[in-house]
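Structure first, commentary second.
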Amino acid sequence: MRGAVVTLWRSLSLQVSRKGAAKACRGQKVKQIMRPDDANVAGNVHGGTILKMIEEAGAIISTRHCNSQNGERCVAALARVERTDFLSPMCIGEVAHVSAEITYTSKHSVEVQVNVMSENILTGAKKLTNKATLWYVPLSLKNVDKVLEVPPVVYTRQEQEEEGRKRYEAQKLERMETKWRNGDIVQPVLNPEPNTVSYSQSSLIHLVGPSDCTLHGFVHGGVTMKLMDEVAGIVAARHCKTNIVTASVDAINFHDKIRKGCVITISGRMTFTSNKSMEIEVLVDADPVVDNSQKRYRAASAFFTYVSLSQEGKPLPVPQLVPETEDEKKRFEEGKGRYLQMKAKRQGQVEPQP
């Protein structure tokens with residue numbers, strides 16, 4: 001019995017449904033029990049751990065699909081994560097059910113939609129905790145700078161392909177709009193005042209080792225996302241000085257690959273606060289210290305939204321951010337615009353249609 005428990009505790013079961021070559025690798029399911037070392041300070045599963053599981057499921061299904069036909073072998077690299085909402089907390093001891101499905105393919109990219117369910121193995125109760133959409137591109141194993149073509153998928157309805165194409169064009173446009181921020185950096189400030197941007201901004205420096213990387217020497221997207229979530233959490237905790245949890249992640253854009261041996265700096269700063277939430281911008285810069293021919297570059301960027309909780313898990317008011325510089329005031333207004341846009345979208349989904 002003890003051996004069975006240990007096996008269950010450490011197991012990671014993969015189930016792939018294959019229904020013909022054209023539909024191969026359309027579905028992917030991953031199950032994993034949540035252990036104490038997956039917990040955050042509040043005792044729930046760390047948001048970064050969930051993001052990492054989501055990315056791993058997406059990487060498996062997209063890589064399998066891109067290699068489902070004869071041709072040059074490749075590995076699917078994460079290019080973008082759409083907005084991800086944390087709908088419900090996951091507890092230690094529960095089983096995470098991560099299901100992934102390919103919903104659209106363009107010539108050079110794959111859209112994967114992922115759902116995360118938590119299961120209480122004592123009662124059998126299940127609940128939806130996360131929904132996410134990820135985009136991958138296939139990179140040749142012979143030349144990782146070469147993007148290969150993606151095998152097309154078979155759609156059950158023509159509308160599915162049309163809707164997917166609209167999502168593809170929208171994310172492509174948004175990715176291009178984020179590139180102008182690539183030169184922006186977070187600078188430390190001496191003796192900052194409480195509730196200012198400088199007071200809570202934080203950075204983490206990490207040397208990329210083999211355990212962070214794929215077999216091909218590049219950092220897993222899920223590893224990067226987990227580090228980004230950790231820094232965002234530090235910023236939120238410094239600002240509120242309470243328990244904090246990830247509420248959502250706005251689109252994460254991966255601008256360039258990170259190689260093994262790079263030193264990465266993950267920087268976070270508060271951009272906007274509402275009465276009950278905080279928006280934190282996180283930037284990832286890579287410094288290829290063993291390659292003098294390449295300069296430091298922006299590898300990824302995203303916006304995280306956090307909420308403040310009491311010891312009993314009840315929402316608390318958030319101290320209002322005090323922007324000081326013109327750039328901080330501009331970022332505050334941009335964050336307010338994103339907040340109001342998402343609030344209107346949520347209200348539109350809840351309100352009944354006339």
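Each Cβ is built from the backbone N, Cα and C atoms, and glycine gets one as well.
Here is what TrEMBL records for this protein:
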{"type": "DOMAIN", "residues": "24-142", "note": "domain 'HotDog ACOT-type'"}
{"type": "ACT_SITE", "residues": "Asn40", "note": "active site"}
{"type": "DOMAIN", "residues": "198-312", "note": "domain 'HotDog ACOT-type'"}
{"type": "ACT_SITE", "residues": "Asp229", "note": "active site"}
{"type": "REGION", "residues": "313-354", "note": "region 'Disordered'"}
{"type": "COMPBIAS", "residues": "327-337", "note": "compositional bias 'Basic and acidic residues'"}
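Cα spacing between Asn40 (active site) and Asp229 (active site): 11 Å, rounded to the nearest whole number. Break the compositional bias 'Basic and acidic residues' (327-337) down by DSSP state and the numbers are 11 helix, 0 strand, 0 coil.
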